[in-house]
C-alpha cells in the first residue's frame, strides 16, 4: 500500500511546486483573493504537496529546457548574422524571434533555483526577471505573427512584397514590436514583488481582482485570439495560392512548414491560456470549490511548463527546416568546429563552401526564406 501511494504523491509534488509567474496572481498571492474559507461548504481548502520531490525534479527540467533552448537559439543567431548576413525581412524577424526566446530562457535558471528554494535574489531582481520573462513571452508571439504576415506577403502578394519586404522595414517593425511587447508586460512587472511569506521569501504578482481579470483577458487576446485570427486568414490565402503552384516539391515543403507553425504553437500554448481563463473566472463560471481549485492549480503548472518548452522548438521550426539554412549550419560546424579538430582538411572546407555558395544566390535565397524558411 505504501508503494501505491508514492506515485500520486510524486506527481502531485511536481505539479504543486512548479513556479508560475502567471498563476500566483490568480491564487494564494492575490491581495483580496480567495481565502481558505471562501468556498460554499465553509471548510478550509488545504493545498498540501510533497515539495521536496518537486524541488528535485523541476530544477533539472528547467535546466534542460535552458540548455537546449539556449544552444538552439544561439545557433540561429550565429547563422543569421555570420552566414546569411541578414539579407531579408524574414531574417530580421527570425533573429528577433531567437532573441525573444533567449530573453525568456535567461530567466529559467533563477526559476529553477526558486523551485528548489525560496526567492533569494531580492525585490529588484524579482521585477527584472519577471520583466524578461513577459517581454520574451509576448515578443515571441508577436514575431510569430510577423513571420506569418511576411510569409503571406511573399507568397500571395509577391509583386507588392518585392517593394515592401525590405531589411529597413523589417528593422522598423521589429522596434515597434518590442515597444508593444514592453507595454504588454508592464502590468506583470508593476504588480510583481518579493515579500516574506510564512518565514520564506516569494516572488510573484499581487494583482487586485480588477487587474487580475484585465491581465487574463489581455493575455488571451494577444497570445491566443489574435495569433489564431492572423494565422487562419494568412494561411488560408497561402494555401489557396500554393495549391495553384506548379512546383510540387516547393508546395509540399511550404505547406508542411505552415502546418508545423500552426500546430506546434497552439499545441504548446493553447492549454495554458484555457486553464488561465478558467482559473481566473472560476467563481463566475460556478466552479468555486476546493476540488476544482486543486485540479486547476495542478493543470496550470503543467500547461505553463509545456508552454515554456516551446522556446526549444522554435529553432527547429523556423530555421532548421530550411534546406539552405541546414547547409549554412553544416558549413559553420565544419569551418569552426571540425576545423579545430582536423586542421589538415582545407580543400574539404573550400569545396564545401564553393558548392553551397554556387547554389545559394540572392534570388534563390529569398525564395527559400519566403516559402520554406
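Glycine is treated like the rest: Cβ placed from N, Cα and C.
Bear in mind that the values here come from a model prediction, so they are computed numbers and not experimental data.
The disulfide bond annotation in Swiss-Prot covers 126-203 and is backed by sequence analysis. Under the three-state DSSP scheme, residue 126 (disulfide bond) falls in the helix class. Counting Cβ atoms from all protein chains shown, residue 126 (disulfide bond) has 24 others lying within 10 Å of its own Cβ.
Here Swiss-Prot flags 152 as phosphotyrosine. Neighbour density for residue 152 (phosphotyrosine): within 10 A of its CB lie 20 other CB atoms from the protein chains shown. Taken residue by residue with DSSP, residue 152 (phosphotyrosine) is part of a helix.
Summarising the annotation, Swiss-Prot assigns topological domain 'Extracellular' to 1-55 (among others) and lists sequence analysis as the type of evidence.
Per Swiss-Prot, the feature topological domain 'Cytoplasmic' maps to 84-93 (among others). For the topological domain 'Cytoplasmic' (84-93), the model's average pLDDT works out to 88.
Summarising the annotation, Swiss-Prot assigns topological domain 'Extracellular' to 115-127 (among others) and lists sequence analysis as the type of evidence.
What Swiss-Prot lists as topological domain 'Cytoplasmic' is 150-166 (among others), and the listing cites sequence analysis.
Swiss-Prot lists 192-219 (among others) with the feature topological domain 'Extracellular'. Per DSSP, the topological domain 'Extracellular' (192-219) is made up of 11 helix, 12 strand, 5 coil.
According to Swiss-Prot, the topological domain 'Cytoplasmic' annotation covers 240-256 (among others).
The topological domain 'Extracellular' annotation in Swiss-Prot covers 282-298 (among others) and is backed by sequence analysis. Across the topological domain 'Extracellular' (282-298), the DSSP tally of helix, strand and coil residues reads 9 helix, 0 strand, 8 coil.
Annotation source Swiss-Prot lists topological domain 'Cytoplasmic' at 323-373 (among others), citing sequence analysis.
Among the features that Swiss-Prot reports, transmembrane segment is placed at 56-83 (among others). Counting only same-chain residues 6+ beyond the ends of the transmembrane segment (56-83), those with a CB under 8 A from a CB of the stretch are 13-14, 17-19, 91, 94-95, 98-99, 101-102, 104-105, 108-109, 111-113, 115-116, 305, 308-309, 311-312, 314-316, 318-319, 325, 328-329, 331-332.
If you look up Swiss-Prot, you'll see 94-114 (among others) marked as transmembrane segment, on the strength of sequence analysis.
Taken from Swiss-Prot, the feature transmembrane segment covers 128-149 (among others), and the record attributes it to sequence analysis.
The annotation transmembrane segment is assigned in Swiss-Prot to 167-191 (among others) on the grounds of sequence analysis.
Positions annotated as transmembrane segment by Swiss-Prot, on the basis of sequence analysis: 220-239 (among others). Residues of the same chain lying 6 or more positions beyond the ends of the transmembrane segment (220-239) and with a Cβ under 8 Å from any Cβ of it are 137-138, 141, 144-145, 148-149, 151-152, 155-156, 184, 254-255, 258, 261-262, 265-266, 269-270, 273, 276-277.
Annotation source Swiss-Prot lists transmembrane segment at 257-281 (among others), citing sequence analysis.
Around residue 203 (disulfide bond), the same-chain residues at least 6 positions away in sequence with a Cβ under 8 Å from its Cβ are 114, 119, 121, 126, 129, 130, 192, 193, 194. It is 128-149 that, among the stretches 94-114, 128-149, 167-191, forms the most Cβ pairs under 8 Å with the transmembrane segment (257-281).
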